[in-house]
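Here is what TrEMBL records for this protein:
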| type | residues | note |
| --- | --- | --- |
| REGION | 312-332 | region 'Disordered' |
| TRANSMEM | 32-54 | transmembrane segment |
| TRANSMEM | 66-86 | transmembrane segment |
| TRANSMEM | 107-125 | transmembrane segment |
| TRANSMEM | 137-157 | transmembrane segment |
| TRANSMEM | 190-213 | transmembrane segment |
| TRANSMEM | 219-244 | transmembrane segment |
| TRANSMEM | 264-283 | transmembrane segment |
| TRANSMEM | 289-309 | transmembrane segment |
Amino acid sequence: MRVGPHGILQTLADGVKLIFKEDHIPREGDKFLFVVSPYIIFACSFAVFAAIPFGRSILVSELNIGIFYIMAISSVIVMGVIMAGWASNSKWSLLGAMRSAAQIVSYEIPIGLGILSVVMLAQTLNMQEIVKGQDGIANWLIFRTPFTFIAFFVFFISSIAEVNRTPFDLPEAESELVAGFHTEYSGMRFALFFIAEYANMFAVSAIASTLFLGGWHGIVTPITLGGLLGVVIKTLFLVFVMMWIRWTLPRLRVDQLMNLCWKYFIPISFFNILGVGIWGLIFPKDSRLSIIISIAAIILGLIFTFGVLGKSLSKGPKPPPSSAERRVSATT
């Protein structure tokens, strides 16, 4: 009960505690960059929300290049991470910052290509206009074509890597780098990094729900659970999935992280763009027939995928070689 019923005030208590913690700055570090980098990350993380529509009229600024603004302002975050690692004068912080730079820059490519497939269908960069074209669950862009269905999962998994969440939290790998690029930070500056991280989680989930899941349109019908409540429900569900993955999958190695991006996600993203273009030539305007064909193709693709996975998992791991086989291989 010290932090409220069932611990609901724990976050507030941690924030108050961090405010009164000692503000430590490394003696040999770059003081200016060390001080300013948390504020750059914090400001850019929250500036993204200016272009995300949370309702028909709940929007800070309706930019005609809204999605372009979001990509541009979120790219600045990596500069703050590099500055924090460099200014700390610590090899752990610098290694974490370099990992983060490589990871964020790499995974911005499949994210951008996934957004491009949405823009090709919506024919606009305005976030509000993208939402207006998704009235009703059948018109959500995730179901509009089989290729945007794939693009959603590539976008969402890449977003998890973009915000450094498990299993892609290599820049903050505590078993290797103490705490990554913010190892030398304490007090409220340390809190700013974590506030920005969870703000980024909410932001990428809100962007995914806006681009693919109908945004502020209702979940069942355009009115049912629509508006601000609809956006919050969809966004919190995606945040829950991120946390679910955190407790389910182990951390990847650096080479696995980069292979996933460059060998799989980027080629798949180019394939999705090509597929969306061909789909647009076959179905210049959305119709009931095109949506039925799309949903049927998605269902068949899921059945095939789960069938292949189930068959591969049912075989089990390959047994280790026997001592006789090891002796034969050693002699040859």
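Just so you know, glycine gets a Cβ as well, placed from its N, Cα and C.
Curation does not apply to TrEMBL; its annotations are automatic.
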Any residues 6+ beyond the ends of the transmembrane segment (289-309) with a Cβ under 8 Å from its own? 138-139, 143-146, 149, 279, 283
Counting CB pairs under 8 Å, which listed stretch among 32-54, 66-86, 107-125, 190-213 touches the transmembrane segment (264-283) the most? 107-125
Which sequence-distant residues neighbour the transmembrane segment (66-86)? Criterion: at least 6 residues beyond either end, Cβ under 8 Å. 30, 33-34, 36-38, 40-41, 44-45, 47-48, 50-52, 93-98, 100-101, 104-105, 108, 111-112, 115, 119, 125-128, 130, 162, 171, 181-182, 185, 193, 196, 200, 203, 207, 211
